[in-house]
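Below: the structure, in structure tokens.
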Amino acid sequence: MPAPFAAIVDFTPATALAGGLLIGLAALLLLAGIGRIAGISGMVHGLVAGEGGGWRLSFLLGLVAGAGLYVTLWPADLPARQGFPTLMVVVAGLLVGLGTRLGSGCTSGHGVCGIGRLSPRSLAATAVFMATGVIAAVVLRHGLGIGP
Amino acid sequence: MKTHAIALAAGVLFGFGLALSHMADPNKVLAFLDILGGWDPSLALVMGGALAVFMPGFAWLRRRSRPWIGDTFHLPARGMIDRRLLGGAALFGLGWGLAGYCPGPALAALTFNPREAVMFLAAMIAGGLLPRLAGLPSRLRRRRMYQR
């Protein structure tokens, strides 16, 4: 088993930081503009549960359109992943759906908006999902030999 | 109408940011979460960049009593750090690390990796319905008005 943090690879700080700034700006715009938290899992679960407020649908459609704009401008930059096991995608989706519903949030709602508000719940949730995310990715790639 | 325009604009920024930062690339996510051997720390800067905007922005918003549109800020309640929160976050992290998708990036991936994204999102929605099928009470509506 390779040692942790043995080398830094594929580091893209400029685009990661620039994208992060845009995400923060988007979350701030949503809160300042219409008083809503940019929590993606909460929006999806809320829509499925039939909660009112078409703002959720508008935001999610905008999200897809924004990603689509980038992919249209630079189509080669985000290639489709090939050969990843379908079963793993489905199991992962079930876990993410169940976990975000029980835990009331995901990377955006807890990781950005919650931590940005210094919410103790979100700090705790983020620490936990980062930890189990690391465990799952390590097991996936080194234990099961799946992924690049 | 203005509500939808703001939500749509925020969504476009958010989705473009997810694509630009490569947070929407599941292999990039796995390379970030898998800390053994070669490690790609880029995505830490996505969260850092988002917080660099949202955190001071939220501090500024706290001095306002209401958003541009609407009467109140809809913020999650200051609840307990309980087993449901931590257990949910743990399950979410496992799902995140098993395929490399969290909810926002899965939506963004509809534009360049639709096969995986559709399967993941369908499973995620199904997973979000499981607590209700098991008779657990919903916490989606637990909100409070923000008071300064």
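Backbone N, Cα and C atoms are what each Cβ position is placed from, and that goes for glycine too.
Sequence annotations record features per position, and here TrEMBL assigns transmembrane segment to B:41-61 (among others). For the transmembrane segment (B:41-61), the list of distant contacts is 17, 21-23, 28-29, 32, 73: same-chain residues at least six beyond its ends, Cβ to Cβ under 8 Å.
Marked as transmembrane segment by TrEMBL: B:85-111 (among others). Using a Cβ-Cβ cut-off under 8 Å and counting only residues 6 or more beyond its ends in the same chain, the transmembrane segment (B:85-111) has close neighbours at 14-15, 18-19, 23-30, 33, 79, 117-118, 120-121, 124, 127.
Marked as transmembrane segment by TrEMBL: B:117-135 (among others). Below 8 angstroms of C-beta separation, residues 95, 99, 101, 103, 106-107, 109-110 of the same chain, each at least six residues beyond the ends of the transmembrane segment (B:117-135), sit close to that stretch.
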